[in-house]
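Asks: Provided herewith is a single structure, encoded as structure tokens, for subsequent inquiry.
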Amino acid sequence: AGLFSWHPLLMALAFAFLMTEALLIFSPETSLLRSFSRKVRVRAHWALQLLALLCALLGLGIITYNKHLNGKGHFVTWHGLTGLLAVLYAGGQCAGGVLLLYPKLMKNWTLAKLKLYHATSGLVGYLLGCASLMLGMCSLWFTTTVTGASWYLAMLCPLVTSLVIMNQVSNAYLYRKRSQH
């Protein structure tokens with residue numbers, strides 16, 4: 001259980017904590033950095049997302065190696081497949097975020113359009129990560145480790161944060177854009 005135990009820790013750190021904090025940086029209601037300039041918040045978002053990706057890649061590597069050591073198949077459950085997709089998606093989303101740091105690389109796109117696409121596709125990636133966490137909470141390991149009301153509380157965490165992040169992205173990009181037309 002020693003090597004395996006790093007997997008849920010790193011994935012929860014990546015998707016439930018670091019990525020959530022990176023997205024909440026742009027919330028006018030909840031960010032600890034709301035008084036800082038947009039440039040500082042963008043850099044903090046970038047740093048937290050990069051840390052989240054590194055934790056997710058490390059967690060993916062550890063579970064893959066652990067499965068190899070134990071002769072077990074990986075990416076054979078919904079949790080494994082969704083988790084792999086979430087990590088790959090996060091990598092692609094981070095690469096796409098670089099375009100926002102250097103928008104002149106995308107000459108035919110406006111900065112507003114790049115931000116909209118990055119935010120909405122980031123929301124999809126975040127929801128994918130939360131779905132993977134929730135599927136992991138349905139695993140035999142988790143359901144024997146966390147029982148009763150604790151399991152329900154644990155399951156509520158990614159559900160509630162998903163709703164908060166969906167509301168934030170909708171308010172910041174979707175509703176505002178519709179009302180401007």
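Positions of Cβ are set from backbone N, Cα and C atoms, glycine also.
Heads up, TrEMBL stuff is auto-annotated, nobody curated it.
Below, the features straight out of TrEMBL:
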DOMAIN    1-176  domain 'Cytochrome b561'
TRANSMEM  6-26  transmembrane segment
TRANSMEM  46-65  transmembrane segment
TRANSMEM  77-102  transmembrane segment
TRANSMEM  123-143  transmembrane segment
TRANSMEM  149-169  transmembrane segment
Asks: With Cβ-Cβ distances below 8 Å as the criterion, list the same-chain residues six or more beyond the ends of the transmembrane segment (149-169) that contact it, or say none.
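Replies: Sequence-distant neighbours of the transmembrane segment (149-169): 15-16, 20, 23-24, 26-27, 30, 119-120, 122-123, 126-127, 130, 133-134, 137, 142-143.
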Asks: When you scan the chain for residues with a C-beta under 8 Å from the transmembrane segment (77-102), skipping those not six or more beyond its ends, what do you find?
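Replies: Residues 11, 14-15, 19, 42, 46, 49-50, 52-53, 56-57, 59-60, 111, 114-115, 117-118, 121-122, 124-125, 128-129, 131-132, 135-136, 138-139.
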Asks: What same-chain residues lie close to the transmembrane segment (123-143): Cβ under 8 Å, and 6 or more beyond its ends?
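Replies: Residues 4, 8, 11-12, 14-16, 19-20, 23, 56, 77-79, 82-83, 85-86, 89-90, 93, 151, 154-155, 158-159, 161-162, 165-166, 169 contact the transmembrane segment (123-143) from elsewhere in the chain.
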Asks: Taking only the residues in the domain 'Cytochrome b561' (1-176), give me the average pLDDT of this model.
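Replies: Mean pLDDT for the domain 'Cytochrome b561' (1-176): 93.
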